[in-house]
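A short worksheet on the structure shown next.
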Amino acid sequence: MRVTLAITGASGAQYGLRLLEVLLNNGHQVYLMVSKAAHVVIATETTWQLPARPAELEAELVKRFAVDHSLLRVFGREQWMAPVASGSGAPSAMVICPCSTGTLSAIATGACNNLIERAADVALKERRRLILVPRESPYSAIHLENMLKITNMGGVILPASPGFYHQPEHISDLIDFVVARVLNQLGIEQQLLPRWGEQFS
Ligand SMILES: Cc1cc2nc3c(=O)[nH]c(=O)nc-3n(C[C@H](O)[C@H](O)[C@H](O)COP(=O)(O)O)c2cc1C
């Protein structure tokens with residue numbers, strides 16, 4: 001499967017990086033975009049030192065995950081000729097994980113001021129799968145209204161709200177809970193978490 005993945009500047013960069021790792025390790029092709037704010041969050045929340053330039057970031061991630069280079073393409077914020085900027089080139093599914101409330105708002109209003117927002121707009125207009133993983137607490141009425149708008153347009157709001165019924169022992173168990181939910185939405189088989197009724201009954 002080919003998936004567009006955007007990592008934006010909400011807390012929870014680990015969710016997006018783990019999702020990227022799982023997709024690549026399972027042979028899925030990823031078109032990746034990382035917002036400027038996401039780079040700040042990644043530097044704050046992880047020990048990763050990721051280059052800002054798309055070509056360098058692509059090379060670094062390919063090396064880090066030890067995957068074939070053909071599986072990953074990284075696009076910059078104004079790379080309007082990228083496949084994700086048009087319905088004729090974009091993959092059938094896009095995930096924004098984590099999704100900042102700023103990007104959420106831009107999608108709800110159709111702003112298209114950068115490639116992430118444009119790609120999400122394309123997903124909505126083409127009636128393709130769009131999965132947003134927002135993280136904020138508490139939510140304001142603006143956030144909730146934007147989430148409802150996007151839901152009514154066919155997008156899926158999948159908040160970064162891990163459950164605890166799988167008895168997590170490590171932070172990675174909480175991260176995998178959310179990543180497994182995203183993979184389920186994409187229709188991708190996952191072994192990160194048993195399905196409800198398989199182990200928890
Ligand atoms: C360390 C850090 C944590 C942040 N956490 C959040 C958050 O949880 N949710 C959110 O919506 N914005 C958060 N922000 C603010 C966004 O990064 C900021 O609004 C930014 O403009 C979003 O831009 P983007 O959507 O282009 O990534 C955080 C910023 C930093 C630096």
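Even glycines carry a Cβ here, placed using N, Cα and C.
All annotation found in TrEMBL is predicted automatically rather than curated by experts.
Values in this document were obtained by computation on a predicted structure and should not be read as measured data.
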Co-listed FMN-binding residue [TrEMBL; alongside Gly9, Ala10, Ser11, Ser35, Ser100, Thr101, Gly102, Thr103, Cys112] among Arg53, Arg128, Arg129, Arg135: Arg135
Gly102 (FMN binding site) and Tyr165 (dimethylallyl phosphate binding site), Cα-Cα, nearest whole angstrom: 31
Set of same-chain residues at least 6 away whose C-beta sits under 8 angstroms from Ser11 (FMN binding site): Val41, Glu45, Pro98, Arg135
Lowest local Cβ density among Ser100, Gly102, Tyr165, Arg181, which the record lists as binding-site residues, within 10 Å: Tyr165
